[in-house]
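Contents: one structure, followed by commentary.
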There are 2 protein chains.
Amino acid sequence: MIHVAVMGYGTIGSGVVEILEKNRETITKRTGDTVNVKYVLDLREFPGTPVENKIVHDFSVIENDPEVTMVIETMGGLNPAYPFVKACLEAGKHVATSNKALVAAHGTELLRIAGEKNVNFFFEASVGGGIPIIRPLYTSLAGEEIEEITGILNGTTNYILTKMDKEGETFESALKEAQDLGYAERNPEADVEGHDTCRKIAILTAMATGHEVDYEDIHTEGITSISDVDFKYAEKMGTSVKLFGSSRIKAGEIHAWVAPVMIGKDHPLYSVSDVFNGILVKGNMLGTSMFYGSGAGMLPTASAVIADIIEAVQNRNRHVEMGWDDSRLAIAPTQTSSCRFFIRIKGIAEERLAEVLKVFGDVTVIELDHMDEFAVVTDVMTEAEYEKKAKELSGIRQRIRAEV
Amino acid sequence: MIHVAVMGYGTIGSGVVEILEKNRETITKRTGDTVNVKYVLDLREFPGTPVENKIVHDFSVIENDPEVTMVIETMGGLNPAYPFVKACLEAGKHVATSNKALVAAHGTELLRIAGEKNVNFFFEASVGGGIPIIRPLYTSLAGEEIEEITGILNGTTNYILTKMDKEGETFESALKEAQDLGYAERNPEADVEGHDTCRKIAILTAMATGHEVDYEDIHTEGITSISDVDFKYAEKMGTSVKLFGSSRIKAGEIHAWVAPVMIGKDHPLYSVSDVFNGILVKGNMLGTSMFYGSGAGMLPTASAVIADIIEAVQNRNRHVEMGWDDSRLAIAPTQTSSCRFFIRIKGIAEERLAEVLKVFGDVTVIELDHMDEFAVVTDVMTEAEYEKKAKELSGIRQRIRAEV
């Protein structure tokens, strides 16, 4: 019997306990052993629940119990998750975590300690909720040179953008609806400003390259500037706008960024709607693969933690090689990234087009009825080129990166 | 250094050799060892190629060389793939194969021998080409009770159906085009009659349940009866027709079948077009996930073999628990499977609807201009119920299962 401790009995932690019970037979069959939750660490009591007698408030009980060989961290945030997880690994306990903030900020160190102590530090649930993505990157895609990872990695912003797209809502009303449904927090900044997506693409980039990524090096734009007017153009163009976290790796140069992107119906991520996540992976031999599923939610995310627990039990006596080393990956300056740009410009196309063509070269023009503006999509150019050109043109109201 | 032999230097075998060379650095990093192709077994010579001096025509050279600890089988078919693979496993060599016919027909025995000899028998490439699906079923989804696996598992038929859908082609002209492009064989029966899909869904069902599946127990219909007229209705309905291999597991009862299915735009597999494959997996905790990618093609399929080689090298001294046991899974009789039915009926809806309603109960009616027929979609009923009712109605020209 494997004794585990669950740290944090919130949504995901309680989901993990629930699945360990509900799918006990399957899990026992896979691991050849039974998994027993010995402790649940939480500040609260949970009288009348199955964990009533397992609750501890003192971390040192877990740290100092040699019978506990595996710890599941589902507290979130860095403090006290970071010191607790570090102490567990140093005490020779395996750790599975769903905590993207922890993995993005301290993954390198925690992976190193896990290696030194011959235990495992797994974090499948930290990216893409229930979508298997971390594990495929070190197993199924292990022989590939990854050329691109692009994901819709945040369910809250995808829900908001889907509402704006399908129902013509404004950003503000879609956000309010997401908050009312519990999909967005009262303080939605981490989601809508792209910070959550940034940490996730940092983790995926480190997995794909084998090197540490500082998420602060990743240029991050959120969706707060996307308006219902943008979606009116998108509708006419047969496109949509999604928040992408993306890394593109070419000839040793890595571009990584988080930004809203206008995409067409033929993009594999076009149909990833509502709170779902989708992750596209391009390998040099494999071509394009796409993984789709529930990016959040109690049971899907807990299910990913369960997969980590099973792999840790199967490998209880050895360290599975995965993750990244401590050599910091250099992210190319954003200014050198290239794409098309969707631009909305004040005025009438007929009157201003010559000026626009002079500045941007060949463009596609999109006009809506009854508007005091028009839009164009440029050819591919670098961000630096775009910014230089944009200064030469007055009345630019919006610019969105476009892959159409 | 790990010495391997590649049996069969056709499309996939040569792709494996190519990737081992091109991604040598990545593979060495992942395995901590170098992989050397010592022999290539083929009846042909390949003068002027990198394997020129590695070609052997006599299997016993491989079988009897103790330095060769791993064999890659990419010959296809059962003979001599089956006796060769069996002999390799019995000689204590790991085997990775792309051969679905072999796995579907003899997987149970080969898995048993691999376990007894403490080696591995891997077959990621046998289903879904480059899409990681076999491995996620025994790793990422290991703690899930799988409730459904539904896949578009055959690129040839998906290409044909996509052509019929998007370009209004007949089955015959779409097939001819697929043959001209090399997507379909001159004798296309294995693809268009659903036999290829049948073997693949049998393998997936065995992986999901842990029990042997006899592919002959799986009711299999191909796409030869699907016509351009069906797609005219589909266009009007906003639906499409795809060839599904599907297993649905509920309360211990397993329904498994291969058949064309009419699906709507909100189905996760709707946008899987051309030669791509897509596989939907529903777990009791995870909900719905979907995996998408190149279902065939030299390098994507070879890439899946490479993943197997890497896992086998990483586990060269132990048998990884995966696959299924020899207790035969009972597939429920097709007659008890339920779905809606899309039916085309001779005559004019106005004149015949009362009769149709009397037989089938509530239906949705679809009419096209200038046709001597109309179509309806029924409520959900079992196959047995459908067949009984259908006998009471004259002039049924077509029936397609519908999930709309």
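Cβ coordinates come from backbone N, Cα and C, glycine included.
If you check TrEMBL, you get these features:
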- A:M7, A:G8, A:Y9, A:G10, A:T11, A:I12, A:G13, A:S14: NADP(+) binding site (BINDING)
- A:8-124: domain 'Aspartate/homoserine dehydrogenase NAD-binding' (DOMAIN)
- A:K100: NADPH binding site (BINDING)
- A:132-310: domain 'Homoserine dehydrogenase catalytic' (DOMAIN)
- A:E185: L-homoserine binding site (BINDING)
- A:K200: active site, proton donor (ACT_SITE)
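Shown on the structure are the features that TrEMBL records.
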residue : record                    : Cβ neighbours (10 Å)
A:M7    : NADP(+) binding site      : 25
A:G8    : NADP(+) binding site      : 24
A:Y9    : NADP(+) binding site      : 23
A:G10   : NADP(+) binding site      : 13
A:T11   : NADP(+) binding site      : 16
A:I12   : NADP(+) binding site      : 29
A:G13   : NADP(+) binding site      : 26
A:S14   : NADP(+) binding site      : 21
A:K100  : NADPH binding site        : 24
A:K200  : active site, proton donor : 26
Taking DSSP three-state, what's A:Y9 (NADP(+) binding site) in: helix, strand or coil? coil
From A:Y9, A:S14, A:K200: recorded positions whose CA lies within 10 A of the residue listed as 'NADPH binding site': A:K200
Given the NADP(+) site A:M7, A:G8, A:Y9, A:G10, A:T11, A:I12, A:G13, A:S14, its other Cβ neighbours within 8 Å of the Cβ centroid, in chain order, are A:V6, A:G15, A:V16, A:D42, A:T74, A:M75
Euclidean distance between Cα atoms of A:T11 (NADP(+) binding site) and the residue listed as 'L-homoserine binding site', Å: 14
Measuring Cα to Cα, how many Å separate A:G10 (NADP(+) binding site) from the residue listed as 'active site, proton donor'? 21
Cβ-Cβ neighbours of the residue listed as 'L-homoserine binding site' (radius 10 Å): 13
Out of A:M7, A:Y9, A:I12, point to the one nearest A:K200 (active site, proton donor) in space (Cα versus Cα); all of them are binding-site residues in the record. A:I12
